[in-house]
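> What follows is a structure written as structure tokens; I'll ask about it next.
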């Protein structure tokens with residue numbers, strides 16, 4: 001079959017080939033026709049560079065298809081592609097590569113289809129048919145990759161003159177790109193544009209979606225109309241650079257001006273003013289930098305990085321640092337940001353306290369690592385940790401130490417990994433992020449160490465409303481801990497919770513395993529609605545039992561209390577109040593049983609039954625009885641006493657009312 005090969009000069013070569021020809025074969029045919037060595041040829045089809053060992057049919061190249069021939073005129077080069085997630089991709093390219101070809105390389109590396117890619121350089125979107133050299137993209141240049149996540153949308157840009165410009169954009173467009181579109185429409189250079197949305201100046205490197213700018217949103221365009229000012233930048237070598245700037249210039253923009261003058265890439269620059277490192281997205285006016293102010297330029301010798309410092313309040317501080325920074329330096333940066341004196345700071349990483357004279361690289365602290373900041377509130381103290389084997393460990397701690405830090409100290413002493421440790425104090429499991437002082441743990445307090453020997457399990461907690469809560473627990477969890485989990489899920493304070501299992505109320509200091517509570521067991525949750533009260537239970541033998549109960553106790557729970565006191569199994573108990581048999585699932589308050597009320601306990605000896613008693617007035621009374629009931633036994637119904645004096649003799653019965 002015939003195929004065509006088009007060169008960058010516009011010349012078209014016709015080749016006779018077969019679908020089974022390799023790309024290497026095709027290059028040999030081009031060499032025969034044009035004299036171009038195969039190692040200087042790169043063939044492109046459908047935006048992809050063709051590999052020598054593959055065949056035409058592998059790429060679905062059919063008769064009269066057109067390949068594009070790109071010559072390796074100058075050696076290759078590396079460029080970088082930065083995504084919105086911050087990931088940087090390195091690509092091997094040539095100046096003659098088309099943008100389409102670059103997108104194909106990105107697809108090969110990242111799997112992103114070319115039609116979902118938009119490449120930005122110097123604030124401009126790159127067109128598929130153009131080459132890298134067309135855009136003056138040189139070695140080690142950085143392109144920005146924006147994904148076409150959703151279809152385009154319209155936004156409006158309103159100028160101070162009242163004119164409104166309509167732009168076609170995508171949520172993933174950068175502000176820099178929007179300014180380029182405004183330049184295309186209005187001829188205003190991007191560096192003279194400031195875009196405002198919701199009262200904020202928009203930063204070039206951010207996207208419309210970062211600012212939640214949606215379709216038909218209106219941005220405000222402010223021009224940099226007033227004249228600039230001079231500032232000075234002093235380097236560590238003592239050299240002073242003079243820059244023409246405006247108060248609205250971003251730090252990023254100032255760094256670009258320094259690059260223009262001195263050739264120092266922005267990512268190697270750190271600018272300091274009034275002891276603070278300046279952040280790229282902020283403006284000179286944000287830092288109150290005025291005319292003839294002097295900034296200090298510090299170079300990132302081995303490439304800076306960002307780390308995070310998390311305080312005990314949960315606040316996270318972002319710091320710009322270098323691997324060679326000492327811990328002392330880092331504390332100084334924290335002081336600049338938060339005002340905390342270095343001697344009150346303790347920095348923790350991977351469970352270890354960091355020493356002032358050491359560097360971040362000494363501790364293998366890398367970009368985006370998180371340090372924990374603990375304040376030295378008071379001097380140190382000793383606490384004890386008791387294991388289940390009876391061994392007692394002595395630890396030197398401070399009230400401001402986190403539980404995580406205590407676990408790290410235990411690991412140092414005993415070799416037990418922190419994730420296998422559970423620390424208990426006053427019946428509560430201690431949470432990693434909290435401090436000893438949060439739990440009022442003082443000098444010479446004793447913590448209990450429980451090992452996570454087996455994985456967790458699920459249990460269920462059923463409320464009186466019928467709702468079932470699922471909890472992830474461990475057999476060694478205390479009841480207090482389970483109540484804390486219920487509070488997390490349902491918001492019920494632990495002191496209002498009573499947990500029942502197998503008819504018993506569970507005590508806070510005991511564990512689930514103490515009660516033989518296993519996976520998928522169901523506990524019953526009873527709320528302490530009002531304070532407790534005393535009631536009486538009268539048996540048929542005349543004995544009276546006193547019980548401590550709450551109005552929210554279920555009848556089932558009352559029976560459990562009777563079992564605890566008298567040893568009578570709940571299924572043999574029948575409780576009567578105001579002539580009614582009480583149902584297990586109902587509460588005392590359901591029956592209006594109040595303090596010092598008396599219930600009657602009837603035993604189910606051989607299974608109960610119902611009988612009917614018909615009065616002379618025609619009324620029928622239903623009674624719950626047992627075959628063992630005597631005829632002379634008195635029963636209460638509707639507040640009256642029904643006395644039967646039926647004789648077991650063969651004579652007709654005589655009935656009387658009292």
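Note that Cβ sites are derived from N, Cα and C of the backbone, with glycine treated the same way.
From a predicted model like this one, the values you see are computed outputs, not experimental measurements.
Feature table excerpt (Swiss-Prot):
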- 1-76: domain 'Ubiquitin-like 1' (DOMAIN)
- 6: ubiquitin cross-link (CROSSLNK)
- 11: ubiquitin cross-link (CROSSLNK)
- 27: ubiquitin cross-link (CROSSLNK)
- 29: ubiquitin cross-link (CROSSLNK)
- 33: ubiquitin cross-link (CROSSLNK)
- 48: ubiquitin cross-link (CROSSLNK)
- 63: ubiquitin cross-link (CROSSLNK)
- 68: site 'Essential for function' (SITE)
- 153-228: domain 'Ubiquitin-like 3' (DOMAIN)
- 229-304: domain 'Ubiquitin-like 4' (DOMAIN)
- 305-380: domain 'Ubiquitin-like 5' (DOMAIN)
- 457-532: domain 'Ubiquitin-like 7' (DOMAIN)
- 533-608: domain 'Ubiquitin-like 8' (DOMAIN)
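Surface or core, plus neighbours and distances: that's what I need for these features.
Model confidence over the domain 'Ubiquitin-like 1' (1-76) stands at 86, taken as the mean pLDDT rounded to a whole number.
In this view, residue 6 (ubiquitin cross-link) is surrounded by 14 other Cβ atoms within 10 Å of its Cβ, with every protein chain counted. In the three-state DSSP scheme, residue 6 (ubiquitin cross-link) is classed as strand.
The DSSP secondary structure for residue 11 (ubiquitin cross-link) is coil. Within 10 Å of the C-beta of residue 11 (ubiquitin cross-link) we count 10 further C-beta atoms, all protein chains included.
In the three-state DSSP scheme, residue 27 (ubiquitin cross-link) falls into the helix class.
Counting every protein chain shown, the number of other Cβ atoms lying within 10 Å of the Cβ of residue 33 (ubiquitin cross-link) is 12.
Annotation for residue 48 (ubiquitin cross-link): same-chain Cβ neighbours under 8 Å, separated by at least 6 residues, are 59, 101, 104.
Of all the Cβ atoms in the protein chains shown, 9 others lie within 10 Å of the Cβ of residue 63 (ubiquitin cross-link).
Secondary structure at residue 68 (site 'Essential for function'), taken from DSSP and collapsed to helix, strand or coil, is strand.
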> What are the DSSP helix, strand and coil residue counts for the domain 'Ubiquitin-like 7' (457-532)?
18 helix, 28 strand, 30 coil
> For residue 68 (site 'Essential for function'), which of the listed recorded sites (6, 27, 29, 33) have their CA atom within 10 A of its CA?
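Final answer, ordered: 6.
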> With an 8 Å cut-off on Cβ-Cβ distance and a minimum sequence separation of at least 6, pull the same-chain contacts of residue 29 (ubiquitin cross-link), or say none.
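In sequence order, the residues whose Cβ lies under 8 Å from that of residue 29 (ubiquitin cross-link) (at least 6 apart) are 15, 16, 17.
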> Please classify the secondary structure at residue 48 (ubiquitin cross-link) using three-state DSSP.
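The three-state answer is strand.
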> Rank aside, I only need the closest one: which of the recorded sites 27, 33, 63 has its C-alpha nearest to that of residue 11 (ubiquitin cross-link)?
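Comparing Cα positions, the candidate nearest residue 11 (ubiquitin cross-link) turns out to be 33.
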> Can you tell me how far the Cα of residue 27 (ubiquitin cross-link) sits from the Cα of residue 63 (ubiquitin cross-link), in Å?
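Each residue's Cα considered, residue 27 (ubiquitin cross-link) and residue 63 (ubiquitin cross-link) end up 17 Å apart.
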